Every structure is written in structure tokens, then in C-alpha cells.
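A quick write-up on the structure given underneath.
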Amino acid sequence: MSDTREPKQFVVSDRNLALELVRVTEAAALASSHWTGRGKKNDADGAAVEAMRIAFDTVAIDGTVVIGEGEMDEAPMLYIGEKVGAGGPAMDIAVDPLEGTNLCAKDMPNAITVVALAEKGNFLHAPDVYMDKIVVGPNLPDGVVDLEASIENNLRNVARAKNKPIEDIVLCTLDRERHEELIAKTREAGARVRLLSDGDVAAAIAACMDNSQVDIYAGSGGAPEGVLAAAAVRCVEGQMQGRLLFEDDAQRERAQKMNPGKDPDRKLGLHDMAAGSVLFSATGVTSGTLLRGIRRLPTHAVTHSLVMRSKSGTVRFIEGHHNFSTKTWTPQ
Ligand code: VTB
């Protein structure tokens, strides 16, 4: 008798994928933690990239890197367009193997390893330019902040929506000269400013978490980091807007080429940066507001990760205990 059933599809539940992704960010974090505090950011980054690349080999996807370490000729691994994964559904991958290389090199808070996954075609192809960003957490009225509004208005709206005096509102931004006006105006409006030396992916996520004491993340940082933050903000149902910032026409043309048919100067909503069903995982390298860093003990290391899916909105904090004597796939 002939079998009339459809051939079995290679179906991988994105629930399982979420756990596989944690292993990828854990591997990168364990590898880069050898370099914590050693003042060598490139070595720390290189270790994270290599470990992440190897860890991807066991993930059941047909993955294409869309946000990565750079173009094929600039980056030996995890370059834009590189295929990764062991085979499975076609997915786009956004990575920042060590977000905050300086933070790791100087043993300062908030260095994390980051990966986001989406079905093919759902991430903005962000060139390596700056992006103006604004982020607030969930359960606030739609449009409570707007990139085109003045910072004073945004602060006032958030204070009103959260039913707090503006004096209790905290805005977080990168400590850069380009943010002088943003910082001054925020303080003039009566709000507080938390300054970061680096790491705006963790900061954008922190703005969405109740326990972080951050109400708004604003300012310009890397555009690739913006896409990763957008994936995370989608999972926790926060709000985010972005806009690519170009220093010259060549940068604008590049963005245009990477996203044909789209206005490169447009204001980007959350779904313009990360659409469809997305998965996000991050592991702490150094301890920060979002995650604890790697703890190394004589026989094992402990990792703390955050893994989220936009479909279910489930946010998991996962503590991993990695036994050095049995773990072979990641450098100790
Ligand atoms: C930004 C930010 C990153 O580096 O890319 C920043 O998004 C670099 O900014 O989170 P500058 O060019 O102003 O130094 C990070 O802080 C770390 O990669």
C-alpha cells in the first residue's frame, strides 16, 4: 500500500530554538570572560565571535547573518551574509557577540553577548552608522514618546503616563559630547540622567524592565545595536523608534542599497526594525543592571542569561552551571 501522507517537514518549534540560542550567547560570554579586565577589547571580541560561530553549528536552523561583525571582507566570522546553523527553517540572525567590548576589557558593568533571530526578511539591514533611538517600557499609551517631539514633551508625557512627578523620571543615555543638549534639557526639565560609557542594547532593555529605575532610553548609538534592541523591545512589548543618521551621501546610499525601495531617512517603528516572530537571547559577561556577569569557580562557571520570544512574551532568566570537565565545545 502506498503512503499518501505528506513528507515530514523539518519543523523546529521556536520554543526549542529559544533554548538553543541561550547556549550560543552563553558560549560567547564564557569565551570572552577570559579577557575581562585585561584591557584587550579586540581579543575579548575575537574570543566571543569564535565561540558564538562554533555554537551556531549545532542550532537547527538555516541561518543567514544580517546584523553581524561587518562585511565579508572586513570580518572573518559572523559577517553579513554568512550562513550559519545545522539546517532547518530559514531564519535571519542578528548578533553582537560582545556588546560592550570596552566594558569587558575594563571590567565595567553591562558587557553582554547578544543574539536575535527572526524569520527571513524581518530585520532591518542596518549599516554601521549611528541611529537616533528612543525607548520606553510596556503598558504605556501608544505614542507616549516620539523621536520628533522635544525631549521635554517626551519626559512630561512619560511622567504623566506613569503617574510620577517629572523629578522621579530617569533618562538613560550614552555619555558622549553629542548628547550634551539632550542631557542639559532633560535636567532643565527636572528629570534625572543616568550616563553610560557604553552598551546601549542593555540600556534600551533596562528601560523596559520594572526593576531598572530607568524610564526612557534616548540618544544615538550604533544602528546594528538598534536592531538588536528592537528585537528585545518587541519581546517585552515596549515602545521604540529609531532613525538612521548619516554623515555623508555614501552612507545614505549604502543604507538604501541594503533596504531597496525604502526611504533611508524615514522614522523607524519597532516593526520596521524587527518584524514577525522574534527570539532574543543575551548572557551577562560583567554584572550590570540587566544581568549578572560570569562567575568562574575552580570546577565550573555560572552564567546568567535572558531569553525571550515575541510570540508568547515569555521572559526567562536562565542560570547555567557549566562543568569544565564535561564541556568540550567552548574554550574554558
Ligand atoms: C554605540 C553603542 C554600543 O558602542 O555603538 C557605541 O550602540 C559606540 O559609540 O552599545 P561611539 O561611536 O559614540 O563611541 C557601544 O556602546 C558598545 O558597542
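Placed from the backbone N, Cα and C atoms, the Cβ positions cover glycine too.
If you check TrEMBL, you get these features:
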type	residues	note
BINDING	ASP45, GLU69	Mn(2+) 1 binding site
BINDING	ASP96, GLU99, GLU225	Mn(2+) 2 binding site
BINDING	GLU99, GLY100, THR101, TYR130, ARG176, GLU177, ARG178, ASP198, GLY199, ASP200, GLY222	substrate binding site
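Mapped onto this structure are the features recorded in TrEMBL.
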| residue | record | DSSP (3 states) |
| --- | --- | --- |
| ASP45 | Mn(2+) 1 binding site | helix |
| GLU69 | Mn(2+) 1 binding site | coil |
| ASP96 | Mn(2+) 2 binding site | strand |
| THR101 | substrate binding site | helix |
| ARG176 | substrate binding site | coil |
| GLY199 | substrate binding site | coil |
| GLY222 | substrate binding site | strand |
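Under 6 Å, Cβ to nearest atom of ligand 1: this is the test, and of the binding-site residues GLU69, ASP96, ARG178 it is passed by none. Candidates GLU99, THR101, ARG176 (binding-site residues) were compared with ASP45 (Mn(2+) 1 binding site); those inside 10 Å Cα-Cα are GLU99, THR101.
Cβ neighbour count for ARG176 (substrate binding site) (all protein chains, 10 Å cutoff from its Cβ): 15.
Taking GLU69, ARG176, ARG178, GLY199, GLY222 as the binding-site residues under consideration, the smallest Cα distance to GLU99 (Mn(2+) 2 binding site) is found for GLY199.
Counting only the Cα atoms, the space from GLU225 (Mn(2+) 2 binding site) to GLY199 (substrate binding site) is about 9 angstrom. For the binding-site residues given as GLY199, GLY222, the lowest number of other CB atoms within 10 Å of the residue's CB is seen at GLY222. Shown in sequence order, GLY100, ILE112, VAL114, GLY199, ASP200, VAL201, GLY222, PRO224, LEU228 are the same-chain residues outside ASP96, GLU99, GLU225 whose Cβ sits within 8 Å of the Cβ centre of the Mn(2+) 2 site. Across the fold, the C-alpha of ARG176 (substrate binding site) and the C-alpha of ASP96 (Mn(2+) 2 binding site) stand 21 Å from each other.
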